[in-house]
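Each remark here refers to the structure printed beneath this line.
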Amino acid sequence: DSEGGLYVCMSTFLGFGREHIERHYRKTGQCVYLHLKRHVREKVPGASGGALPKRRNAKLFLDLETSSDLNSDDFEYEDEAKLIIFPDHYEISLPNIEELPALVTIACDALLSAKSPYRKQEPDSWEEELQASKHAKTLVQLDNGVRIPPSGWKCSKCDLRENLWLNLTDGSVLCGKWFFDGSGGNGHAMEHYKETGYPLAVKLGTITPDGADVYSFDEEEPVLDPHIAKHLAHFGIDMLQMQVTENGLRDNDIKPRVSEWEVIQEAGVKLKPMYGPGYTGMKNLGNSCYLSAVMQAIFSISEFQRAYVGNLPRIFDYSPLDPTQDFNTQMAKLGHGLLSGQYSKPPMKSELIEQVMKEEHKPQHNGISPRMFKAFISKGHPEFSSNRQQDAQEFFLHLINLVERNPVGSENPSDVFRFLVEERTQCCQSRKVRYTERVDYIMQLPVAMEAATNKDELIAYELKRREAEAARRPLPELVHAKIPFSACLQAFSEPSNVEDFWSSALQAKSAGVKTSRFASFPEYLVVQIKKFTFGLDWIPKKLDVSIDMPDFLDISHLRARGLQPGEEELPDIAPPIVIPDDPKVDEIRLLYFRRSFLVALDIDESSVMQLAEMGFPLEACRKAVYYTGSLGAEVAFNWIIAHMEEPDFAEPLVIPAFGEVASSGAAALGAVGLDNQPPEEMVAIIVSMGFQRNLAIQALKATNNNLERALEWIFSHPDPEEESDPALDTMDMENNANANILAETGSEGPRIKDGPGRYELFGFISHMGTSTMSGHYVCHLRKEGRWVIYNDLRVCASERPPKDLGYIYFYHRIPS
């Protein structure tokens, strides 16, 4: 709350804006809150003596950050802190050692001295700083002729193909241990060190132009190897030309790539800045341009605008007590920042005149800084939670996954991307076929390099490039391979070989081919150009191609046709399954059975005490921990908030006898009730978890009495049909009216929006650089009849949109 500041509950340490604090007090009964407010004074040039500086309220933790640099010398701060006692709103200014108990004073001091969520996201604190290994400079490498291929590695002692480490002394490829990486392994890399004393190893799969993950067995920690390129080159992994200079580009990368950077960013052209709703930029938080480009494209789609920004009041009203950990709240907040126009305002004429008169230029404080959104959406993800550059396509799929798991009303905005793919697999020997369907969100288009129309020009360029490298002269200007879009579309539709194909007709392995077609066409078609690959020299490469992407696209001929007359289907026989003789299998099965059907009998007393210390009744805390399967205090806290109004909220917990629960588990393994009614035992299990009985029955019916799927169904359908919310019904009616659903699968299958296969281009994301792990992303969108470039904070009218150099393209279906 930019005006009211931030209120922190002294029991739960959750922060709230002014409009939510009363609600939290009424629900929890917690009455002591720390009120934080920061005032920013903007220095007035030339102010002297008693002249007071301008004063304005700072945007606090729950508000959108603008791109203005509040750490500059133009601002001064004044922090204000008070203790607020509810319900009388009694205020105690801080510090106040005389009137407050020692524990309260200590707690307040700890909160006030803690780093803010945003400072924790600064680039220098995203990852632990590594130290150079003491062995790096003097590492001895054996001249044993070992050469490491770019793929297909396995442990030389156990055939494990994951968590593999290359010893930098002798080139041995061995598996790691559990303790360091978190992945499974048999510890052969450590055993090899103990036998030989060879200290350094690099993890295969982490080698990029920017370095690699190196571990020192002797120093027992991850380290830096300043000579990693030299050490890898010893085993045929060429990284010498991947050295990074101070400006982040390779020495030989500056010349050939400069034209691409200029073309995609439209450098050298005076671009007109754009302001207002829908023209808001996003601050680069350090290699976060992939996120900005994807989110700009996402919130240019009307379905996402309606779902999050159109429903913003309702999302905020029904947000959990900790909105920083709620996906829908964060999406609505980001969408509002991009679409409201509040953070994209043109400069005043008086400011421009003042800048011209003083011959100075101050950057406009426009745009938003999505630190909280990035921190939440990347939480727990090993790549997106880092400060490294990422693949925009991978982030798009990660975002869609989160949208799927956090529906807004009955209509999920990600439905507009979803389509069904029909895969036809044919046994080349028996000629029999099998048709299957799968869900997808992106059409991945291969690059048909062999169809380049400027082959002579490419050959001449390659000769000049090699001569320049040999003579150490500047490299010639990069020449892109010109690929017809029709050739890429043809490559997409051609059959591909199926590796390790097992023919059910022959009951043996055979050669097989697979062809993919569209079983449905999505409302919005996302096309990815598969530009990135690995060379035989281990260097990640980007195919320098120019594809004549059409403004209007018709893929109706790729519509699936199903089983054709004369085709014979492969028998529905599964290949033989080899079950390893592992004593852990029975233990895993028992644990799964206990988790799924017996309902956890153990109660985590530490979680119970954490909840009790917040002021909740002890028995209610025990029930919360029990019914949430002892998954932690946070999950149990959410259960308490949802059930605290129930009459038996504080009643003692009654745990069913083991025999009763076991019978429930047995029934859950296959019993089916009469008259299509779910088994009562399964209903009881779900009700014991805190859900309403009618919701449990509805979920079991919708999932054919599958307990695990029923629980997933409940979390994706939080409101039972019998007790609908009028506001939600209205929202659902609006969504359905605008959905234009032409086809929808049954309740068991995914929801799709089928229609004609004719599309129009409205946006594309371009990448500059050598690989997805480095470089920069820019987004172009067509708005109000013209193209607009979104380059981090810079939003301008596009003069020459480079549609032929894009990486991900967004098409909208043309109504029939």
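Cβ atoms are placed via backbone N, Cα and C, with glycine included.
TrEMBL annotations: computationally assigned, not manually curated.
Feature annotations, reproduced from TrEMBL:
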type: ACT_SITE; residues: Cys289; note: active site, nucleophile
type: ACT_SITE; residues: His776; note: active site, proton acceptor
type: BINDING; residues: Cys155, Cys158, Cys175, His188; note: Zn(2+) binding site
type: DOMAIN; residues: 131-239; note: domain 'UBP-type'
type: DOMAIN; residues: 280-814; note: domain 'USP'
type: DOMAIN; residues: 602-643; note: domain 'UBA'
type: DOMAIN; residues: 677-717; note: domain 'UBA'
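Of the listed binding-site residues Cys155, Cys158, the Cβ environment within 10 Å is emptiest of other Cβ atoms at Cys158. The Zn(2+) site is set by Cys155, Cys158, Cys175, His188; from the centre of their CB atoms, other residues of the chain with a CB within 8 Å are Ser156, Lys157, Asp159, Leu160, Leu164, Leu174, Gly185, Asn186, Gly187, Ala189. For the pair Cys175 (Zn(2+) binding site) and His776 (active site, proton acceptor), the C-alpha distance works out to 34 angstrom. Other Cβ atoms within 10 Å of the Cβ of His188 (Zn(2+) binding site) number 21 in total over all chains. Ranked by how many other Cβ atoms sit within 10 Å of their Cβ, the recorded positions Cys175, Cys289, His776 place His776 at the bottom. With respect to the residue listed as 'active site, proton acceptor', the closest of these binding-site residues in Cα terms is Cys155, chosen from Cys155, Cys158, His188. Here the C-alpha separation of His188 (Zn(2+) binding site) and Cys289 (active site, nucleophile) works out to 40 Å.
Residue pair Cys289 (active site, nucleophile) / Cys155 (Zn(2+) binding site) shows a Cα separation of 37 Å.
In the predicted model, the domain 'UBA' (677-717) shows an average pLDDT of 73.
Within the domain 'UBP-type' (131-239), the DSSP-based counts of helix, strand and coil residues read 19 helix, 21 strand, 69 coil.
Across the domain 'UBA' (602-643), DSSP classifies residues as 30 helix, 0 strand, 12 coil.
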